[in-house]
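A.B. asks: One structure coming up, written as structure tokens, with questions to follow.
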Amino acid sequence: MSKTRSSELSSPSSTDKGDIRHDETNDVPAAPAVHPPNWWWKYRQIIREAAAEFLGVMILIIFGDGVVCQVVLSSNPNVAPTPKGDYLSLNFGWAIGACLGVWVSAGISGGHINPAVTLALAAWRGFPWKKVPVYLFAQLMGGLVGAALVYANYFHAIDIYEGGRGIRTLKTAGLFSTYALDYMTAVSCFFSEFLASAVLMIVVLATIDKHNSPPPNGLFPLVIFIVILGIGAALGMETGYAINPARDLGPRLLTSMVGYGKAVYTFRREYWIWCPVIAPILGCQVGSLFYDLFLYIGDDSPINQPSTKKQVQNEYDDMSRDV
């Protein structure tokens with residue numbers, strides 16, 4: 001999840017392009033220089049952004065996969081005396097996870113917590129490409145570790161639901177990653193994830209656009225809560241609204257490691273790569289293109305860069321005449 005939307009935002013990253021934090025600190029006195037208090041300080045500064053992305057995705061998955069496990073597994077009377085939730089519970093769980101994941105990481109790394117968002121910000125908002133591989137790896141590992149923690153928590157309930165100790169099938173693999181409904185065609189699956197991801201990215205870019213209507217500083221995670229809740233309630237039924245490659249691939253790696261086997265990758269002709277990974281990436285790119293093409297006027301977008309020196313000179317001459 002993207003995001004977000006941009007999920008971005010300190011440390012050295014606070015001045016990076018593509019940072020989705022809101023800069024409302026012009027009137028705030030500069031903080032005094034802080035000297036490293038111990039040996040760990042300098043190492044933490046090196047890994048801080050990656051750790052924030054890792055932790056943000058991990059929290060997203062703990063709440064997201066956690067609520068799926070609780071709702072689905074509790075439908076078995078041998079797991080819980082009564083069901084513990086419904087589809088709306090899933091929407092709220094994922095929205096809360098995305099909100100809190102961004103809240104934990106936004107002030108340090110920008111709170112992307114979504115590879116598709118990171119790639120879109122690199123392409124359209126000047127986020128440093130040199131940071132992209134580190135962010136993507138941290139996000140993927142956060143998804144894997146988050147899913148591992150949820151799996152450990154619900155291990156015995158999964159055994160009961162599956163019908164025996166250690167039995168692992170696609171019946172419970174969907175607790176951790178997304179699997180489309182049977183009637184969905186390949187094109188429909190792709191379009192569903194593409195559309196939801198494009199909407200997510202448009203909202204993220206609108207939220208961080210100082211020329212639009214950005215929320216007060218610190219409330220970006222609340223916007224993420226709203227957009228994820230809305231996407232889940234309106235577009236989530238058919239494919240499970242992955243809209244985040246790390247959210248799907250990280251937990252999918254975990255399932256293949258704990259006994260679910262290759263079925264998690266062979267489902268519907270490698271569904272795992274073209275729907276919850278490629279579709280969100282392309283959706284975020286197209287959403288960014290649409291926003292920048294028709295709405296954005298900031299000079300950090302490739303679309304708004306002067307094409308030639310002559311054009312720059314002409315614009316300068318026009319401004320001089322106006323003055």
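Backbone N, Cα and C atoms are what each Cβ position is placed from, and that goes for glycine too.
Pasting the feature list from TrEMBL:
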COMPBIAS  1-14  compositional bias 'Low complexity'
REGION    1-30  region 'Disordered'
COMPBIAS  16-25  compositional bias 'Basic and acidic residues'
TRANSMEM  50-73  transmembrane segment
TRANSMEM  134-154  transmembrane segment
TRANSMEM  183-207  transmembrane segment
TRANSMEM  219-243  transmembrane segment
TRANSMEM  271-297  transmembrane segment
A.B. asks: Are there residues at least six beyond either end of the transmembrane segment (50-73) with Cβ under 8 Å to its Cβ atoms? List them, or say none.
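C.D. replies: Sequence-remote neighbours of the transmembrane segment (50-73) are 1, 7, 79-80, 83-87, 89-90, 92-94, 96-98, 100-102, 104-105, 108-109, 111-113, 134-135, 137-143, 145-147, 149-150, 153-154, 157-158, 160-161, 172, 174-176, 244, 246-247, 250-251.
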A.B. asks: Could you pull out which residues elsewhere in the chain have a CB under 8 Å from any CB of the transmembrane segment (271-297), counting only those six or more residues past its ends?
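C.D. replies: Long-range Cβ neighbours of the transmembrane segment (271-297): 2-3, 114-117, 119-120, 123-124, 177-180, 186, 189-191, 193-202, 205-206, 209, 211-212, 239, 242-245, 247-249, 252, 264-265, 303-304.
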A.B. asks: Using a Cβ-Cβ cut-off of under 8 Å, list the residues of the same chain that are 6+ residues beyond the ends of the transmembrane segment (134-154) and lie near it.
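C.D. replies: Sequence-remote neighbours of the transmembrane segment (134-154) are 49-51, 53-62, 65-66, 69-70, 73, 109, 112-115, 118, 175-176, 245-251, 253-255, 258.
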